[in-house]
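The GTP binding site feature in TrEMBL is assigned to 324-331, 406-410, 468-471. Positions annotated as compositional bias 'Basic and acidic residues' by TrEMBL: 76-90, 116-126. Per TrEMBL, the feature compositional bias 'Low complexity' maps to 143-154, 162-184. Residues annotated as domain 'SRP54-type proteins GTP-binding' in TrEMBL: 489-502. What TrEMBL records for 43-190 is region 'Disordered'. What TrEMBL lists as transmembrane segment is 6-27.
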Ligand SMILES: Nc1nc2c(ncn2[C@@H]2O[C@H](COP(=O)(O)OP(=O)(O)OP(=O)(O)O)[C@@H](O)[C@H]2O)c(=O)[nH]1
């Protein structure tokens, strides 16, 4: 009898232990973590494999999301997935209007016209983003072959909002449908295309397997190699050499200025280095590195809240507005961030308020389709404020967690266009508060980015900065400058054109990568 009981107990213990291990493994799989630097190649453009050029650098944490003006929130219970639509075949791109047709030939700026005239960023070079191939779940494959099955919606005749919204299951549709009409500024715009709802609310195709965020900052070291040369090697060389004469200090100053740290930060860094060295001279290269790292990290204010306010509120989604000059990487960043959010278990709706460049909406739609995010888009030249409004309206009606609105690029020097952006925000706020305004800056344009940032900050109250294209520039120091000037934290960094080349900004990890 005793033996029987003992055997029974042993079996029970073994079963419980197995269940605990299984639970831990499953829980771990669902976490987004940057701790595991995989060198798993990304599939780009269907065929090309992009090699991880990481130097094996590890970041301490992953993306951090918060609820607008509140603390962290727990991940939501996942809502049941709607039946999946078949994989759409990429639509033939809407023809891009010739430049001459869309510039402000009459001297008056029009919606998005800055995209066609010389822009302040000399690196225009808009190209379609190469996305990784869909890694299809088995059940989607047969349908994937069918071409324009998603698009029927696009061509459906019911282009009016009421019907479109009425099509929604849980419609509080009546008011929702009428809502845009309440917006005087919106109504005035005759071109407003409601979410071709049919087309606007493009149903989500099968989700692709989104790579964990692991190893994203791992790419930083490799991709910041040009900035490393500037800040790391030369400044460290001088500091490690022992007593510094005035020429050496000047050289350090010049180096930091050249790396775009900005005058104020450069002066503070040099002053702090001098003070620290006077009190505790460094004895070797390791100590010099530690000192420089400490002084630089201090300048990045590690205490700033860098979480993305993309967690839903009770009964309504978070609203994230993505703004910036043309070609800085707004659409790409919106798509990359949507991937991260989806991987984090969020339901995302994308609003294509870049109504000027048809290709931008198509580009965003492609991103949405790959991650299973719905998209609301308007017709070309529609009022971007109306599209943004409809996106939020739709997001509330369908109960998504976050609505991300991609806006058209605009020159910060064009008052009319900046006013239009202000209007987008104001109109959206009639429906729901905007939780996060991310300003996307192209790191390669250096100081010009600062001027842009100042103007955008005035018009739309930016809450966070995304610095893109940090790969391929020696001006990594712009991070310091931007943050100090704006008093707004850099929250994300773009490290390449790949779908997962977006990383949370972490001061320590960043400085480590620079040195
Ligand atoms: N190297 C590099 N390229 C990037 C990064 N982010 C975006 N790009 C590229 O920059 C180009 C412009 O990106 P878009 O996302 O179309 O820029 P946009 O700001 O939406 O442009 P508009 O719609 O004209 O305002 C594309 O070729 C992107 O692939 C990055 O972090 N690194």
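Cβ from N, Cα, C; glycine included.
Please treat TrEMBL annotations as automatic predictions, because they have not gone through curation.
Shown on the structure are the features that TrEMBL records.
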residue : record           : Cβ within 10 Å
324     : GTP binding site : 29
327     : GTP binding site : 23
330     : GTP binding site : 26
407     : GTP binding site : 31
410     : GTP binding site : 31
470     : GTP binding site : 28
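Helix, strand and coil content of the domain 'SRP54-type proteins GTP-binding' (489-502), in residues and according to DSSP, is 0 helix, 6 strand, 8 coil. Secondary structure at residue 470 (GTP binding site), as computed by DSSP, is coil. If you take every residue in the domain 'SRP54-type proteins GTP-binding' (489-502) and average the pLDDT, you get 90.
Under the three-state DSSP scheme, residue 330 (GTP binding site) falls in the helix class.
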